[in-house]
Amino acid sequence: MKQPYNHGVLFYHEHSGLKDIHNGIGEVAKSLSSMCKHLSLQLSENKGDIIKYCKSIKNENYSSDVDVLFILGGDGTLNELVNGVMQYQLNLPIGVIPGGTFNDFTKTLQLHPNFKTASEQLLTSHAESYDVLKVNDLYVLNFVGLGLIVQNAENVQDGSKDIFGKFSYIGSTVKTLLNPVKFDFSLTVDGETKEGNTSMMLIANGPNIGGGQIPLTDLSPQDGRANTFVFNDQTLNILNDILKKRDSMNWNEITQGIDHISGKHITLSTNPSMKVDIDGEINLETPIEIQVLPKAIQLLTATEQNN
């Protein structure tokens, strides 16, 4: 088999979701070394290291022949690599290997949740271009959330058990918290403004959030648009609505309690100021401005999911 890439770099954290990271790296390297003439294993010891390595790759201080990047980790680790690639305009394909608490975007890439199987799938993968959300000065691949989403993310980051289960970020969050904290908001999408009061808001680029899939059949991270969902009340009807698949043309007609707005440019302010979760990382507070960057990043995508 001809190796399609010259030099690949595999980034990983010692504290990823894998029980034995060193054996895991060995298994992954078997597949990736078949794709690259030279494979470098790069440990990220501290948050921000991956972004620094991206700068070094851009300046060719790391090496002058790097032509593919790999990441072993969850959505937060992937988010760091996405920010490094976007900040330093690295026009390099990225292969994603699941290894964290949540691996939502690997589902979008049709990759298996098992790291070994996913790395084998990369052997027959192809690069596709995906949209990126620019949120203030940060970059986001999958979602932006506030309200109940942040509370759940903080529970996970604190190391406590995920009390909301697989569908944590959407369905069970609404069902479980009986007295959520509400906030006033002013949301402008492509020049149209909506104001109101809510306890949860989600802006999605990808269709998979918190282990579950948003039941919007035409939601795509390759269409140049972001999808905003505003949760208006906390009745159990919302949970039922969430589980019913529909397309964007009839969402607002048949869905009670969740408004859907699609667009390319979003501004959001709240009272009081709210923490913002971006791909599982709580790095911002409102107000925020979101711009969709169409097909801004290349990700290796499997031809079909290997179940």
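Every residue number used here counts from 1 along the chain in the order it is shown.
Using N, Cα and C of the backbone, Cβ positions are placed for all residues, glycine too.
Swiss-Prot annotations:
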- 3-139: domain 'DAGKc' (DOMAIN)
- Ser44, Gly74, Asp75, Gly76, Thr77, Leu78, Asn79, Glu80, Thr101: ATP binding site (BINDING)
- Ser220, Asp223, Arg225: Mg(2+) binding site (BINDING)
- Glu281: active site, proton acceptor (ACT_SITE)
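Here the features listed in Swiss-Prot are placed on the structure.
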| residue | record | Cβ contacts under 8 Å, 6 or more apart |
| --- | --- | --- |
| Ser44 | ATP binding site | Phe11, Tyr12, His13, Ile50, Tyr53, Thr77, Glu80 |
| Asn79 | ATP binding site | Tyr139, Val140, Leu141, Asn142, Ile278, Asp279, Gly280, Glu281 |
| Ser220 | Mg(2+) binding site | Pro207 |
| Asp223 | Mg(2+) binding site | Asp131 |
| Arg225 | Mg(2+) binding site | Asp131, Ser262, Gly263, Lys264, Val292 |
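Most buried of the recorded positions Asp75, Glu281, judged by other Cβ atoms within 10 Å, is Asp75. Thr77 (ATP binding site) counts 26 other C-beta atoms within 10 Å of its own C-beta, drawing on all protein chains shown. Looking just at the domain 'DAGKc' (3-139), the mean pLDDT is 90. Same-chain residues with CB within 8 A of the center of the Ser220, Asp223, Arg225 CB atoms, the Mg(2+) site residues themselves not counted, are Asp131, Asp218, Leu219, Pro221, Gln222, Gly224, Asn227, Ser262. According to DSSP, Ser220 (Mg(2+) binding site) is assigned to coil rather than to any helix or strand.
With helix defined as DSSP H, G or I and strand as E or B, the domain 'DAGKc' (3-139) counts 50 helix, 41 strand, 46 coil.
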